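Annotated features, as they stand in Swiss-Prot:
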- C6-C33: disulfide bond (DISULFID)
- C12-C28: disulfide bond (DISULFID)
- C16-C32: disulfide bond (DISULFID)
- Q1: pyrrolidone carboxylic acid (MOD_RES)
Amino acid sequence: QVLKYCPKIGYCSSKCSKAEVWAYSPDCKVHCCVPANQKW
């Protein structure tokens, strides 16, 4: 999942939990973690 930016409900982290979507965005050096049950 490649995003233009990490959404406000998401956060930048080197490791996301299994309940989250692992995404990439230019404003995160590592991963952008987004809760899988959220609409964004």
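Cβ coordinates come from backbone N, Cα and C, glycine included.
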**Fill in**
The number of other Cβ atoms within 10 Å of the Cβ of C16 (disulfide bond), counted over all protein chains shown, is 20
**Complete:** According to DSSP, C6 (disulfide bond) sits in coil
**Fill in**
Rounded to a whole number of Å, the separation of the Cα atoms of C6 (disulfide bond) and C32 (disulfide bond) comes to 6
**Message:** Please identify which of C6, C12, C28 has the densest Cβ environment, defined as other Cβ atoms within 10 Å, among these disulfide-bonded residues.
**Reply:** C6
**Item:** Euclidean distance between Cα atoms of Q1 (pyrrolidone carboxylic acid) and C16 (disulfide bond), Å
**Value:** 13
**Prompt:** Can you tell me how far the Cα of C12 (disulfide bond) sits from the Cα of C32 (disulfide bond), in Å?
**Reply:** 5
